[in-house]
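Listed in TrEMBL:
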type     : residues              : note
BINDING  : LYS90, LYS114, SER369 : substrate binding site
ACT_SITE : LYS126                : active site, proton donor
SITE     : ASP166                : site 'Important for catalysis'
BINDING  : THR210, ASN241        : NAD(+) binding site
Amino acid sequence: MSALPGSDYAKARIAGLSYLNPAAPEPWASFVEQIERVRPYLGDLERWIETLKHPKRTLIVDVPIERDDGTIAHYEGYRVQHNLSRGPGKGGIRFHPDVTLNEVMALSGWMTVKNAAVGLPFGGAKGGIRLDPKSVSKGELQRITRRFTSEIGIIIGPDRDIPAPDVGTNEMTMAIMMDTFSMNRGGTATGVVTGKPIALGGSLGRREATGRGVFITAREAARHLNVPLEGARVVVQGFGNVGGIGARLFHESGARVIAIADHAATLVNEAGIDIPAALAHVAAKGSLAGFAGASAIDIEDFWRLECEFLVPAALEGQITPQRAEGIRTRIVVEGANGPTTPAADDILRNRGILVVPDVLANAGGVTVSYFEWVQDFSSFFWTEDEINDRLERIMVGAFNAIWQIADEKQVSLRTAAFIIACHRVLEARAERGLYP
Ligand SMILES: NC(=O)C1=CN([C@@H]2O[C@H](COP(=O)(O)OP(=O)(O)OC[C@H]3O[C@@H](n4cnc5c(N)ncnc54)[C@H](OP(=O)(O)O)[C@@H]3O)[C@@H](O)[C@H]2O)C=CC1
Ligand SMILES: O=C(O)CCC(=O)C(=O)O
């Protein structure tokens, strides 16, 4: 991308739109390749496959704000609705300095597949702002979030497209988005976003849901491979919402989390890390830097640690072919979206390492978002036990259906999940007929 001329806006736009070019940069190219792998299994629906390689709607917005020092700053924001065949768009909002249109397109495509793979009545969407949220004040962040919400307000809504948290965003971001959308509309619309604070129509269990889904699918995979959880060694990259909760649930199950990493520190303790202490440290200090319960390790050595579960829960493209050759685990559980490149995926499969793909492993978050949206519409709220029971049923049901297809067709769990999802999406598309 750096070779492209023009402003950041133009570069992102060119890179993003290069999905028609087979040499398109990651991660959209990874998504397209994953779709292509399903082609032989689509039967008559194959004639619709290009639908999945073309995001339905792509919005790029300029987000200008007055900074605290009186200067004006501009940020680029995106909302991509990849597919709406099965229902309103659904997917998170990312605030991160490396966000590009290309990335948001891929993330929206994975949402389409994820929502269909677990049977949620949603299409796929995703959004983001190219911004380091730690680089601005609280007031600036609120102004950016409000302006962004107003700009994408022309395409989101409770029955159109429903954002949620992702990297760099949280319940507070969702509260501000809900408030801004509601002010612009002239009436409170709790169902426009999920992952809200409980007091604003949020759901019990949503904060923990993605990590819980990661743990449930890891447990199911372990059951199939006869890997005992008790004493199992676990390595987790990313110690935010997904990695932090996932690590805590492994820890509580009797597994031994031997290594954790965030941007600031990569840490190992073969005896097992005290995860509640590490979480308390991050809550107090903002990162793992300075945590005393483990020793620093080189990032490449981190990927070569011997373990039973490896959980990438940070960003895309972390498991490269080179790293895949050195990984020593039984099961990779993808907490992050798109952490494994297609070439690395093949290497892991050839080496007999099971990969529980993102579109299944991290679907717990959007599943409880679905519960939140349903609760908001009916204004009738469920207990945490009801939510966790329903989450468990959906995750285990989806895991078993995907496992069965993988077994029947002798494909990876990822391709099996894509087969199920693409059938559902393209069948809905075909049933709706052609536009006039
Ligand atoms: N939140 C959700 O409900 C869902 C999230 N996901 C996916 O899970 C992943 C993580 O999201 P989430 O936990 O919400 O995000 P958070 O912002 O809560 O946490 C992200 C974590 O990843 C760390 N990280 C970022 N870059 C690196 C790196 N290069 N090396 C090591 N650690 C790194 C961050 O560290 P630091 O803070 O130091 O930067 C932080 O600990 C993303 O891929 C997201 O799309 C998927 C489904 C739902
Ligand atoms: O909860 C949601 O709606 C979406 C979560 C998300 O962005 C994801 O699953 O990647």
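Cβ coordinates are placed from backbone N, Cα and C, and glycine is handled just like the others.
Mapped onto this structure are the features recorded in TrEMBL.
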residue : record                    : contacts (Cβ under 8 Å, 6+ apart)
LYS90   : substrate binding site    : MET111, ASN115, LEU120, PHE122, GLY123, GLY124, ALA125, ASP161, ILE162, ALA164, VAL366, SER369, TYR370
LYS114  : substrate binding site    : GLY124, ASP358, VAL359, LEU360, ASN362, ALA363, VAL366, ALA421
LYS126  : active site, proton donor : ARG79, VAL80, HIS82, GLY91, GLY92, ILE93, ARG94, VAL104, LEU107, SER108, TRP110, MET111, ASP166
THR210  : NAD(+) binding site       : ASN241, VAL242, ILE245, GLY246, GLY335, ASN362, GLY364, GLY365
With a 10 Å radius around each C-beta, find which of these binding-site residues (ASN241, SER369) has the fewest other C-beta atoms nearby.
ASN241
Among LYS90, LYS114, SER369, the record's substrate-binding residues, the widest C-alpha separation in angstrom comes to 13
When you measure from the Cβ of ASP166 (site 'Important for catalysis'), how many other Cβ atoms are you left with inside 10 Å?
25
Structural state of LYS126 (active site, proton donor), classified by DSSP into three states:
strand
Which of these recorded positions (LYS90, LYS114, ASP166, THR210, ASN241) have a C-beta closer than 6 Å to some atom of ligand 1?
ASP166, THR210, ASN241
For a Cβ distance below 6 Å to any atom of ligand 2, name the recorded positions from LYS90, ASP166, THR210, ASN241, SER369 that qualify, or say none.
LYS90, ASP166, SER369
Can you check what DSSP calls LYS90 (substrate binding site), collapsed to helix, strand or coil?
strand
Chain-mates of LYS90, LYS114, SER369 with C-beta within 8 Å of site centroid, substrate
GLY91, MET111, ASN115, LEU120, PHE122, GLY124, ALA164, ALA363, GLY365, VAL366, THR367, TYR370
